């Protein structure tokens, strides 16, 4: 995992749109999810799990709108976890570590907490340590 939007609220569900999930680009930017990137989604209200891809919505709106078939698995107000993954070489992770961004939101999809989760290489080169740093401040965009 390289990015997660945690407990975002569905603002709309649009069965008539052709697939995807529409997300406020401000939320995407905070964790580094790209438009058209594949994501896995868990609906915390009903347990449904599904995969789709992201399209950017209107900036600053907090929009979270499952589209097409995904709209049948969610309704307005449902809380979702949206995960994005990147494929990494295990040897490189053991050598260089890994960093993931997690944005926890309130019911209005505003930043409640921002986490940087890291895997830090151990000296033996065979293991990593997991660290999670929390802040209530809004995350800064990184290149």
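Cβ atoms here come from the backbone N, Cα and C positions, even for glycine.
As recorded in TrEMBL:
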- 20: pyruvic acid (Ser) (MOD_RES)
- 20: active site, schiff-base intermediate with substrate (ACT_SITE)
- 52, 68, 69, 70: substrate binding site (BINDING)
- 53: active site, proton donor (ACT_SITE)
Cβ neighbour count (within 10 Å, all chains shown) around residue 20 (pyruvic acid (Ser)): 19
Protein Cβ atoms within 10 Å of residue 69 (substrate binding site), excluding its own: 12
Residues satisfying Cβ distance under 8 Å from residue 52 (substrate binding site), sequence separation of at least 6: 19, 20, 21, 38, 39, 41, 66, 67, 70
Beyond the site residues 52, 68, 69, 70: chain residues whose C-beta lies within 8 Å of the centroid, for substrate: 19, 20, 21, 50, 66, 67, 71, 72, 73
Neighbour tally for residue 53 (active site, proton donor), based on other Cβ positions within 10 Å of its Cβ: 13
Local Cβ density at residue 70 (substrate binding site) - other Cβ atoms counted within 10 Å: 23
Tertiary neighbours of residue 68 (substrate binding site) (same chain, Cβ under 8 Å, six or more apart): 14, 15, 17, 18, 19, 20
Distance from residue 69 (substrate binding site) back to the residue listed as 'active site, proton donor', taken between C-alpha atoms, in Å: 12
